[in-house]
Structure formats: structure tokens, C-alpha cells
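**Q** Before I ask anything, here is the structure I am working with.
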Amino acid sequence: MWQAISRLLSEQLGEGEIELRNELPGGEVHAAWHLRYAGHDFFVKCDERELLPGFTAEADQLELLSRSKTVTVPKVWAVGADRDYSFLVMDYLPPRPLDAHSAFILGQQIARLHQWSDQPQFGLDFDNALSTTPQPNTWQRRWSTFFAEQRIGWQLELAAEKGIAFGNIDAIVEHIQQRLASHQPQPSLLHGDLWSGNCALGPDGPYIFDPACYWGDRECDLAMLPLHTEQPPQIYDGYQSVSPLPADFLERQPVYQLYTLLNRARLFGGQHLVIAQQSLDRLLAA
């Protein structure tokens, strides 16, 4: 794998050699390395060869976010595979937690991301993943249909396959669709998994990574913030300073949070199952 990475980097940086290769802690999904090649520092994710499509999708999403020129993301240098392993090579940006100032700036940047480009439909040109969960993104013109079916219904079906039952799937999907029926927002490019673990302060300001992008309601990104008390509230303040949210957005917030709560429940079980069921019960009773 390292020979393949060196070859791809040499095509962009000229001949060099690997000067440093340290495995990083916390690689819960993929192995992660800090690599120095020809004086440049890189962050390398690697896994089994069969997982190359996931790395390709992640690279495509980072490049899509970069094209918006609104947010900072790690530059992608290489994505590929050898006989045994697949890998994704990006800039190495030593992460620090966001402070109040950088959180405010990030909020402004996210607001501008949501304003970028015109897209008439909801979805994405390819499917991707929320953490390790496959995420479908088939294009759909009605937001209520897209979110009810491809977000909530999809999570409920995956849970059912694992033996986890939250209720009648068709009835829940219909309820969610009705809750959103009168809400048809302008599609915005979303990060899709905007929690504190995917935001950091780098050498040149805040940056985001590990996206789960799609074109959706901008409120979905903001709905993540209250789920993470460690996320600085200034992100929300910065966002509001550029693109104020509608007065009724809090009515939809628990609907959008349910997607993440169901995903956590299926992945981690335990108390997450209780939290997701309670959230769903409150929505159905409203």
C-alpha cells in the first residue's frame, strides 16, 4: 500500500520518500496514519480493498464541498488501492477544538455553503454513508417524500433487518411525510453529519471533514447542534448572522434529529435505543 501511495504522490510532488509513518489513535472505522512524504504531511485512511468505493465517495464529497469555496476541507491527494488495501490520502491538519471565535466563523461558512448553487431536487448523484451506515440519495423533487422514505424509512428498515422494531414502518413514514408536507425548502448542499467530531480548528481556521453530503433542507445540518452539548453554540450564532432560520424551524428540528438518533440506536444499541424510541413516540403523539 505504501508503495502505491508513494507512486501517486510522486506524480504530484516529484520523487521523494516516506520520512514519517505514525498510526493514529481513535481509528474506530478505518485505520488512520500520519504520513510525511517529501516534506509534506498527509492524513491516510486505509482499510480492506473492498471498501475502495467508500473512500472514492468520500473524496468526491470533499471535492464537492471544496468547489463551493465556502468551507475549508482537507485537500484530497490520492484515492486508490493495491492488491490488499484501499486508501484515501488527504492533507494532515492537526485538529484542535473549536473556540468561540472559530465556531462563529464556521457557522457563517456553513450558511454560505447552504446558499451555494441552485439545485432543483433533493439527493445526490451517488449514494454514500452516514458513519458506517449506507445512505441512499436517489433524486426526489418533494422534500417530504425524500426525507420520510430515504432517511426515516430507510433507517427503520435497516433496524428491522437487525431485529429492532420501532413500530409500523409504513405508518411512521406516512406520519413523517405528513409532518413535512407543507414544507418545501430550497435544496441546500449539506455536510450531512455536522457534529463536534467532524469539525475542528486547523492552522488557517475552522474546517470540516467526514461528510455525508446530499442536497436537502439546510435545517438538517443545524438540527445536529443541540444533540452535542460540546459543540460551541457560536456556530448557530454565526449561521444566523448570515442566513437567519425561519421562525418555525424548531417545529421540524425533532423530525430531523430522529434520523441521527435512529442511526445511533442501530449502531450502538443500549441507551441509544431508548432515546430514539422516546423521540419517535413524542413525534407520533404530536
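Every residue, even glycine, has its Cβ placed from backbone N, Cα and C.
These figures come from a predicted structure and were not determined experimentally.
From Swiss-Prot, for reference:
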| type | residues | note |
| --- | --- | --- |
| ACT_SITE | D193 | active site, proton acceptor |
| BINDING | D91, Y92, L93 | ATP binding site |
**Q** List the residues of the same chain that sit at least 6 positions away from L93 (ATP binding site) in sequence and have their Cβ under 8 Å from its Cβ, in sequence order, or write 'none'.
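**A** F43, P74, A200, G202, P203, Y207 - these are the non-local Cβ neighbours of L93 (ATP binding site), listed in sequence order.
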**Q** Let's check the environment of D91 (ATP binding site): how many other CB atoms sit within 10 Å of its CB?
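**A** Result for D91 (ATP binding site): 17 neighbouring Cβ atoms inside 10 Å.
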**Q** Under 8 Å Cβ-Cβ from D193 (active site, proton acceptor), six or more apart in the same chain: what's there?
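**A** Once residues fewer than 6 apart are set aside, D193 (active site, proton acceptor) is near L130, S131, D210, P211, A212, M224.
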**Q** Which residues in the same chain, at least 6 apart in sequence, have a Cβ under 8 Å from the Cβ of Y92 (ATP binding site)?
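**A** Same-chain residues close to Y92 (ATP binding site) (Cβ under 8 Å, separated by 6 or more) are H34, L35, D41, F42, F43, P74.
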**Q** Excluding D91, Y92, L93 themselves, which residues in that chain have a Cβ inside 8 Å of the centre of the Cβ atoms defining the ATP site?
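**A** So the extra residues in range turn out to be D41, F42, F43, P74, K75, M90, P94, G202.
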